[in-house]
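Each remark here refers to the structure printed beneath this line.
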Amino acid sequence: MSAIKYELIKEDKRSGARVGKIITPHGEIPTPIFMPVGTRATVKAMLPESLKEINAKIILGNTYHLYLRPGDDIIKKAGGLHKFMNWDRPILTDSGGFQVFSLSKTNDITEEGVTFRSHIDGSRHFISPEKSMEIQNNLGSDIMMAFDECVPYGADKKYTKDSLEMTTRWAKRCKEAHKNTEHQGLFGIVQGGMFKDLRKQSAEQLIDLDFPGYALGGLSVGEPMDMMFDLLDYTTPLLPKDKPRYLMGVGSPDALLEGVKSGIDMFDCVLQTRMARNGTALTSAGKVTLKNAKYKEDFTPLDDKCDCYVCRNYTKAYLRHLVICKEILSSMLVSYHNLYFTLKLMENMRNAIMEDRFLEFKHEFEKEYGII
Ligand SMILES: CC1(C)O[C@@H]2[C@@H](CO[C@@]3(CNc4nc5cc6c(=O)[nH]c(N)nc6cc5[nH]4)OC(C)(C)O[C@@H]23)O1
Ligand SMILES: [Zn+2]
């Protein structure tokens, strides 16, 4: 019996968009949903109470980072990641493979697993599918991701095919090593690079292994946006309708709209909080770069269409002042607004799908945001 169940509530008649609900041991998640990224047991500059205020339903943690610091053994002793970070809602943990490739300098990939040097102190480590399962089990996340190889953008077809076939073998090993099936669900990750036939092969092989949910990996890795959207449109419908689909590492408002249109249910991205720390806000009229001198005496809210705590209590001039002075509060307030804006966009998409006006909503948003 899987710890993760999905209920399909409504399908859009004119696109792949759909509304659903994911039921997890730590609560229910309405979909489509955006998941704030809490890599090292914190969504940067956000209190758990603030995350609840903006209606965050699920956050991400990361196996690679938490294994290196503070150590999954310490988090286990603390009673698991939920207790350790004071977050009692669902948590999804990525499996570590991707971070090894994107963060650590030297890594040696074999059938057994990956040997790498820590990006923190250069110490040598080894992660296998079994080790990734052990770490995620110690963390106690509601949704665990299979250990996979994310091939770099531009990898050739032979390498990509060999890699996806190893990722399938690793997924099988993860499933066999996955013990705590009552309390933790395990999602497979579709690879296949930029090749549609390999994406199909990867999806079919993982569907045969029967996971409670499927992620699209190997995207948002530097490929052109329209290439990602084309692969999305092709691959998403290959996945089971009665299981959640998760697009890893995506994304900006335009990518979220396209992903929902293709039938994606779950998203995560560091963009919202990373941009905030650089003083850039997402608003209904597009991006606002607060450092711009034109905001020096602009005493209007960040976004006059946003009803969040930040837009109700502060002005662009004040936020610009905080950013220029590199005040810690600037990261807190702009992160709060960017995440609220993104979660509100997902809620508005869910409502539009329920009311059979998703494509109209998408067009209106894109026009006002400046995408079209
Ligand atoms: C969009 C934005 C701002 O997000 C940033 C930066 C560069 O892209 C990101 C986001 N893209 C991304 N693609 C992924 C693919 C996989 C994957 O195939 N497997 C597994 N296990 N996890 C994955 C996680 C992923 N995250 O990846 C890092 C390098 C984490 O920084 C993120 O641009
Ligand atoms: Zn706001």
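Cβ atoms are placed via backbone N, Cα and C, with glycine included.
In TrEMBL, the region 'RNA binding' annotation falls on 273-277 of the listed ranges 73-77, 78-82, 273-277. For the substrate site, TrEMBL lists D94, S95, G96, G97, F98, D148, Q191; matching the candidates G61, G218, G222 against that entry yields G218. Of the residues H321, H337, TrEMBL places H337 in the same Zn(2+) site as C306, C308, C311. TrEMBL assigns the feature region 'RNA binding' to residues 249-255, out of the candidate ranges 116-122, 151-157, 235-241, 249-255. Reduced to three states, the DSSP call for D94 (active site, proton acceptor) is strand.
Candidate recorded positions: Q191, D268, C306, C308. Those with a Cβ under 6 Å from ligand 2, in sequence order, are C306, C308. Across the fold, the C-alpha of G97 (substrate binding site) and the C-alpha of C308 (Zn(2+) binding site) stand 36 Å from each other.
When pLDDT values are averaged over the region 'RNA binding' (249-255), the model yields 98.
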